[in-house]
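Taking it in order: structure first as structure tokens, then the write-up.
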Ligand SMILES: C[C@](O)(CO)[C@H](O)COP(=O)(O)OP(=O)(O)OC[C@H]1O[C@@H](n2ccc(N)nc2=O)[C@H](O)[C@@H]1O
Ligand SMILES: Nc1ncnc2c1ncn2[C@@H]1O[C@H](COP(=O)(O)OP(=O)(O)OP(=O)(O)O)[C@@H](O)[C@H]1O
């Protein structure tokens, strides 16, 4: 059995810089990964069993282990890529522990698909490089290649041109989801302005103060539109701001927002205060992983 982490993806900055003829938007985004997320187990299955998926965990409800689940789509994409290299792969049983809220801007399904590719690459002995896995994963979703790489990075193009950040020191954070799911296409479609400035030159982000100062000069260009479509996002942003963070912002197309803090203690205190004011919200203190 192979266990693989599927960490939550956080867009520290997300600039929308244009739109392609096919409707996809051009982005300039800085992404980090949390130390919390979903978990995927993969193991060999008996001959004839095919590829199966069971889903457990607090957010398993409403997701199906059949049909269009991104875990199954990723497994099938890797099986097809292996076949193109003349390798037939054996049946496999996949098990997903769903800890992240669904359709929440922190890439849950994308992280799961990426974890599936990494885990099956090992189980099936395929030897695809991380770059090759990222390339073959793009048709599964714009966020999947960045989740395959799983390190702090800048992504451009539609989010699939990846440039790992050499100097990124990490930071304590709290993730807050006010319990509404947001449709990514609906947010992109409702944007009033699509031609915005990019992020510009990224400085050394090794120190926390430099990291926060730079991120503060950036934006999430989806935030205002998402908060109009889902007013609970504005409530979550206000609530996180009220706990004295270094910075508050929305991730992806929402509804999850995050605060950055100057210590793990400060993040834990903020998380406790938010939970006590909104016991129905998903609140997760975490550490954004540094570049290694
Ligand atoms: C908002 C982000 O999470 C930022 O990292 C991503 O851009 C979204 O990534 P994702 O959910 O993996 O996106 P996909 O599943 O590829 O696309 C969902 C829908 O979002 C819109 N979409 C997505 C990515 C992009 N660069 N431009 C878009 O306009 C399109 O309407 C697309 O049909
Ligand atoms: N394993 C999975 N986990 C979560 N959602 C999945 C999964 N497989 C398919 N989906 C579908 O994908 C859609 C997007 O869910 P996901 O949690 O990936 O969104 P997200 O966090 O907004 O992602 P992103 O930040 O990449 O836009 C959901 O509507 C869900 O039905």
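Numbers here mean position along the shown chain, with the first residue as 1.
Placed from the backbone N, Cα and C atoms, the Cβ positions cover glycine too.
Features of the protein shown, as given by TrEMBL:
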- 9: active site (ACT_SITE)
- 69-150: domain 'GHMP kinase N-terminal' (DOMAIN)
- 101, 102, 103, 104, 105, 106, 107, 108, 109, 110, 111: ATP binding site (BINDING)
- 143: active site (ACT_SITE)
- 219-277: domain 'GHMP kinase C-terminal' (DOMAIN)
Separation of alpha carbons, residue 107 (ATP binding site) and residue 9 (active site) (Å): 6
Rounded inter-Cα distance in Å - residue 143 (active site), residue 111 (ATP binding site): 8
Among 101, 105, 107, the one of these binding-site residues whose Cβ has the fewest neighbouring Cβ atoms within 10 Å: 101
Most Cβ neighbours inside 10 Å, all chains, among the binding-site residues 103, 111: 111
Cβ packing number for residue 9 (active site), 10 Å threshold: 25
Structural state of residue 9 (active site), classified by DSSP into three states: strand
Other residues, Cβ within 8 Å of 101, 102, 103, 104, 105, 106, 107, 108, 109, 110, 111 Cβ centroid (ATP site): 8, 9, 100, 252, 256
The domain 'GHMP kinase C-terminal' (219-277), counted residue by residue under DSSP: helix, strand, coil: 31 helix, 10 strand, 18 coil
